[in-house]
């Protein structure tokens, strides 16, 4: 417990000294640049596709912590199966996926991908991975036996936890969940029980098992009634926000993300710039204009990193400034990032429709009547495009 308190104090000190917080005062005084015109937005769209594949994988430069390797692997697998990803990019993705599988001895996943013809089956490789797994499990069982016979309760718990983490590492979901339950039975502290829930949630997001995620979030909330620190509570908000995003509850996702934006430490899920990407996207279709200005457009935490996500700044600012041609140019640049995002992809069409509804509604608020031709000119699109959307 003493070690955990020391780590907590160090983390708090790092947050106080973080560049994000040190820039707050400077950003408040800095005037907001006007959104670029549509031509500049369009010119940068050609470079966005090369950045798309790594959205949600790369660690943001200079930030504390890094993404959980299996969640990065899950995103690569999603891109490997996506029809819109170029074949030349899939060659690189296959190499990265295979390297991750070899590194962590993920024999079960390797068999599955080989059966789906995504990877070539190498029996020698599969047998070697299975042999290493068997050897490592034997060592872990010996450590558990030794701890139970010769050491204390804390050491017994750590030995069981090590076995749980090993099952997670090799991608054996069923055995990992069983071993996490055994570890929980050896755990007393609420904080340590919460950490086990976070491991379970990471498993849930790897397999996109929404039933497991939902139950784990409810379990975490019940644990917090017994106690728990603020850091873990804030981390849970991001996990729940990602769950809401993945299940099309964008309004709740926006609320949870905005609550966590100044206390974000959940780097195991995604880097901070990806978190800001999700926060802006969900807020635009969930908040009214005044709230959007206060919580998003002028938020120092968002302004610090929004420029790292192509088109996102223009997308947000042009909507608020009613520069609709620039908005649609930026929106076009963002569509591939949304389409190739593992969590947003299933809701791509829904999100596109909701964004257009928001922007058309904002435009129409200024008029008692307006022609479709005038709308088309304002948005820089064709009359047929506007007419088709309104008809739906």
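From the backbone N, Cα and C atoms, a Cβ is placed for every residue, glycine too.
Unlike curated records, TrEMBL annotations are generated automatically.
Per TrEMBL, the features are as follows:
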type: REGION; residues: 1-48; note: region 'Disordered'
type: COMPBIAS; residues: 1-31; note: compositional bias 'Basic residues'
type: COMPBIAS; residues: 38-48; note: compositional bias 'Low complexity'
type: COILED; residues: 126-157; note: coiled coil
type: DOMAIN; residues: 249-392; note: domain 'PCI'
* Restricting to the same chain and to residues at least six past its boundaries, which positions have a Cβ under 8 Å from a Cβ of the coiled coil (126-157)? -> 102, 105-107, 110-111, 163, 166, 170, 183, 186-187, 192
* **Reported mean pLDDT - the domain 'PCI' (249-392)** => 91
* **Helix, strand and coil counts within the domain 'PCI' (249-392) (DSSP)** => 104 helix, 0 strand, 40 coil
